[in-house]
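Undergrad: Input: one structure, supplied below.
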């Protein structure tokens with residue numbers, strides 16, 4: 001395609017990419033990222049796909065997500081909530097944080113069925129519905145990343161400042177922290193919404209998710225800053241671990257809690273990185289003069305790419321229960337006891353016990369003993 005001609009459209013309604021070349025005031029970084037993301041750029045696989053082919057690929061990926069990941073996320077997060085609440089008297093501080101994280105994940109997983117089959121991006125053309133869905137998703141996205149950030153900081157206090165901060169690391173303060181995190185998540189969403197809504201009330205196709213200031217805030221407050229804090233916490237934790245091994249060693253319980261939280265943070269980073277890179281590339285592109293707000297939406301500009309990064313982000317909420325089940329020793333013990341209590345028939349009890357023992361190989365006799373060593 002000649003560099004002086006505008007990007008071609010594929011199909012009837014889907015706009016595949018911005019006009020190229022970009023305006024003269026664009027930065028080299030924005031130009032390179034724009035070309036890299038273009039769905040009709042050389043080397044980009046989606047550039048040669050028709051509208052129907054992109055729809056089929058998106059539908060196939062949505063079906064894979066619904067068949068394999070959605071049941072794990074939906075049932076797994078419910079189990080985390082039900083089992084831990086059933087044994088609330090034996091709940092540790094990390095368990096309390098994971099319960100709140102599971103609540104946020106469960107809401108995201110339930111909402112994901114609407115998102116993953118929104119293949120034509122139709123509800124993004126309805127201003128009220130688009131704004132409502134965006135508010136709903138952002139609150140739970142912020143709560144997830146805020147809980148992960150606070151859990152990393154809590155691990156640092158438990159390992160490096162145990163003597164100094166022991167009086168403050170109580171269940172009462174943990175519950176108070178959870179309430180403040182939920183309030184911060186709601187505020188981080190509603191305050192910008194109120195501000196931008198007053199400026200865009202006259203726009204027929206206004207959607208909260210498409211406002212550039214909101215997108216910058218989402219990338220900065222929901223990804224860059226939290227992971228900078230998490231990285232700092234884990235660097236300090238590593239230093240504390242090295243010192244602990246030199247002197248007296250580290251309690252196995254705390255090692256396992258640290259390993260589980262690190263795994264959750266790593267999976268969150270991998271799943272949400274594509275979404276934030278996608279939004280950042282869109283933000284670095286200069287708005288074309290005369291473009292309507294609807295056409296500026298990156299969801300309309302790159303439908304297949306946007307659908308893929310959405311699926312990756314939702315996958316995080318489905319994978320957390322797996323991490324919690326396989327790395328959370330206390331939860332495995334609680335799950336065994338919960339199943340044994342709820343299965344009254346002897347044959348069914350033996351079957352469930354054997355199944356759990358095969359899936360989670362660990363001796364059940366040690367379950368009650370391990371409950372006593374709370375973090």
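Glycine too: its Cβ is placed from the backbone N, Cα and C atoms.
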Undergrad: Please find, within the list 286-306, 307-327, 328-348, the residue stretch that Swiss-Prot describes as transmembrane segment.
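TA: Spelled out, Swiss-Prot records transmembrane segment over residues 307-327, not the other listed ranges.
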Undergrad: Are residue 283 and residue 50 co-located with respect to the membrane, according to Swiss-Prot's topological domains?
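TA: Swiss-Prot topology: residue 50, residue 283 on one side of the membrane.
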Undergrad: With respect to Swiss-Prot, which of the residues 25, 44 bears the note N-linked glycosylation site?
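TA: With Swiss-Prot as the source, N-linked glycosylation site is noted for 44.
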Undergrad: Looking at 32, 84, which one is marked N-linked glycosylation site in Swiss-Prot?
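TA: Swiss-Prot annotates N-linked glycosylation site at 32; the rest carry no such entry.
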Undergrad: Transmembrane segment per Swiss-Prot: which of the ranges 176-194, 195-213 is that?
TA: 176-194
Undergrad: Can you tell which of the disulfide-bonded residues (130, 207) has the fewest other C-beta atoms within 10 angstroms of its C-beta?
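TA: So among 130, 207, the disulfide-bonded residues given, the one with the fewest Cβ atoms within 10 Å is 130.
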Undergrad: Six or more residues beyond either end and a Cβ under 8 Å away: which residues meet both conditions relative to the transmembrane segment (176-194)?
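TA: Tertiary neighbours of the transmembrane segment (176-194) are 96-97, 100, 131, 135, 138-140, 142-143, 146-147, 150, 208, 211, 213-214, 217, 221-222.
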